Amino acid sequence: MMLHLQGVLSKQQVAQCREVLDAAQWIDGNVTSGEQSAQAKRNQQLPEGSAAARAVGDAIQDALGRNPRFFSAALPLKVFPPLFNRYAGGDGFATHVDNAIRQLRGTDFRIRSDLSATLFLAEPDTYEGGELCIEDTYGVHRARLPAGDMVLYPASSLHHVSPVTRGVRVASFFWIQSMVRDDGERATLFQLDNDVQRLAAEKGSNDATVVSLTGIYHNLLRRWADA
């Protein structure tokens, strides 16, 4: 399931983040690459753990914590501290799949990457190219979103970033370990949660059907989740 989350950051928050990022020192993006990705990747990245990465990453994690749609879709157990990349002058990232396990450098913190996320930090009219292209059984889905919007998708997906031919594409990317590791089970819970919320808005939270479906949701979550 690929999901577009609108307005994870406000335009003001994006501007504040960009002020920090644009003043930071960037390095070769292959510092976080596995062997396969290193052969496919051409971009720049903020050093993990740098002051700029921590400051903007904290702002993103705070915003995610206030976003009920993100929680419903991801059911997050752990979130890898956000990383940041920059594409310009023909930079791109050929087709690859993300590593299954991500470990924070110099620490014991590691996660299973169930979901990948890209939060766009440049408006699409400021650059050309740079589409995030995600493959699944239904074809290729392309994301080139307004600044502050985020795309969430299974980390098992083949994906690539098309070359940026004009301007600069800046984004944050990170991974989520979900309480529910199976993509199909997680998608079922997300759909059920949306249906319950919609029915509750129509009939009230005390309606018998709403109460029953809420119970089914939590019992499925209890069956499938690792917390």
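Cβ coordinates are placed from backbone N, Cα and C, and glycine is handled just like the others.
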Per Swiss-Prot, His96, Asp98 bind Fe cation; matching candidate in His141, His159: His159
Cβ neighbour count (within 10 Å, all chains shown) around His96 (Fe cation binding site): 18
Alpha-carbon distance [Arg169 (2-oxoglutarate binding site); Asp98 (Fe cation binding site)] in Å: 20
Rounded to the nearest Å - Cα separation of His159 (Fe cation binding site) and Arg169 (2-oxoglutarate binding site): 17
Across the domain 'Fe2OG dioxygenase' (78-178), average pLDDT on the 0 to 100 scale: 97
Proximal but sequence-remote residues of the same chain as Arg169 (2-oxoglutarate binding site) (Cβ under 8 Å, at least 6 apart): Arg86, Tyr87, Ala88, Ala122, Tyr127, Gly129, Gly130, Val161
